[in-house]
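Novice: Once you've had a glance at the structure underneath, I'll fire off some questions.
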Amino acid sequence: MFPLSCGFILLLLLFSSPCFFARTIPLYHDAKLTATKNYTYKWQNFEKFLEASRGSRVNEMFELKKYFHHFGYLKMEEDMNFTDLFDAKFELALNKYQAKLGLPITGKLDYKTISQIMSPRCGVKDVPKKTLHVTRHYEFFTGQPRWARTVPITLTYSFSLANLITSLSLQDIRDAFKRAFGHWEAVIPLTFLETYDYGSADIKIGFYSGEHGDDEAFDGVLGVLAHAFSPESGRFHLDAAETWAVDFQVQKSDVAIDLESVATHEIGHLLGLAHSSVKEAAMYPSLKPREKKVDLTIDDIRGIQTLYGSNPNFTIQDLLESDISSNDAVDLRISSLSIWFVLLQVLITSLCH
């Protein structure tokens, strides 16, 4: 009788539909703000592309094509010029962009896609999905580079005292970065140590404006927030023009950007991770003003542990807590449920015997 009851409980677990709370992600938009790249572009002008699809011809569409080229989705035309025609090549690039950013794949410049394009983001190019339907979301840089050191690895980092900002104290900046490095230290066998010897540091951090010697010019307020290079470059640059914040209760600006969130993301690049298509992941390419995103998701953890292995002190409970803290992503919720289901199976089996 008791084993039959256990089997009934297991069937209930198998066929019960979990209930999730749906939440909408607020979209950031302020038509008064402008951000410029090296080709000078006003962000609010993206609105005129709404609902454009293959065959459409929209004035300044070539500027949007430059955006897609910049982030790795569209190859430059042979004559080095883009046109205003929404052609087959641009449609393919748009499909890849929508797939990579976790958007509905419509092949059109719909509201969600335009809103995503308008969001401030990391300057590192995306790695478009090779197929539009995959289960793995994290990505690596080409060649899957990592820091080739003996485990456990120790990396040093330092701040360029000649390239700081005055809106935050050096101590506030140091504290934010220490927390950001700590998020990654917790899940892999790697330790980050600050050094005052900038020249010998593995990771060199600084705030820069416009052209600053790496062919990746910053564009002023919003637009591109920061960029970092794959192992073992160690270069980590932030846009000095941003309104950087460590506490939104203190920094009230509508365009404030959380320093710890951006640092956490860029450290992932320094370690070898490319962009993820999971919106809640630290490695998702965009971050809206006044948004804080510092917790690593299962996707981030799986990706980085593939490169470096697991911190011996990292436990399954840490994985569950990371999953719970990011419970907006369907695939992450499924991962969490799978783990809980296995645990419940073990419990029921032990009771039945």
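Glycine residues also receive a Cβ, built from the backbone N, Cα and C atoms like all the rest.
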Novice: Name the residue range among 40-47, 112-119, 120-127 that TrEMBL annotates as motif 'Cysteine switch'.
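Specialist: TrEMBL lists motif 'Cysteine switch' for residues 120-127.
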Novice: Among His137, His275, which is the one TrEMBL gives for the Zn(2+) 2 site where Cys122, His265, His269, Met283 also bind?
Specialist: His275
Novice: Hey, what's the Cβ neighbour count for Gly220 (Ca(2+) 3 binding site) at 10 Å?
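Specialist: There are 16 such Cβ atoms around Gly220 (Ca(2+) 3 binding site).
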Novice: Using Asp239 (Ca(2+) 3 binding site) as the reference point, find which of the recorded positions Asp202, His227, His265, Glu266, His269 has the shortest Cα-to-Cα distance to it.
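Specialist: Its closest listed neighbour, by Cα, is His227.
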Novice: Helix, strand, coil residue numbers for the motif 'Cysteine switch' (120-127) per DSSP?
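Specialist: Grouping H, G, I as helix and E, B as strand yields 0 helix, 1 strand, 7 coil.
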Novice: Rank the binding-site residues Asp202, Asp214, Asp219 by the number of other Cβ atoms within 10 Å of each Cβ, and give the residue at the low end.
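Specialist: Ranked by other Cβ atoms within 10 Å, the binding-site residues Asp202, Asp214, Asp219 bottom out at Asp214.
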Novice: Taking just the CA atoms, what is the gap between His237 (Zn(2+) 1 binding site) and Glu266 (active site) in Å?
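Specialist: On Cα coordinates alone, these residues lie 9 Å apart.
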Novice: Provide the number of Cβ atoms within 10 Å of the Cβ of Glu266 (active site), excluding the reference atom itself.
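Specialist: Around the Cβ of Glu266 (active site), 26 other Cβ atoms lie within 10 Å.
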Novice: Around His269 (Zn(2+) 2 binding site), which of the listed binding-site residues (Asp202, His212, Asp214, Asp219, Gly220, Glu242) come within 10 Å, judging by Cα atoms?
Specialist: none
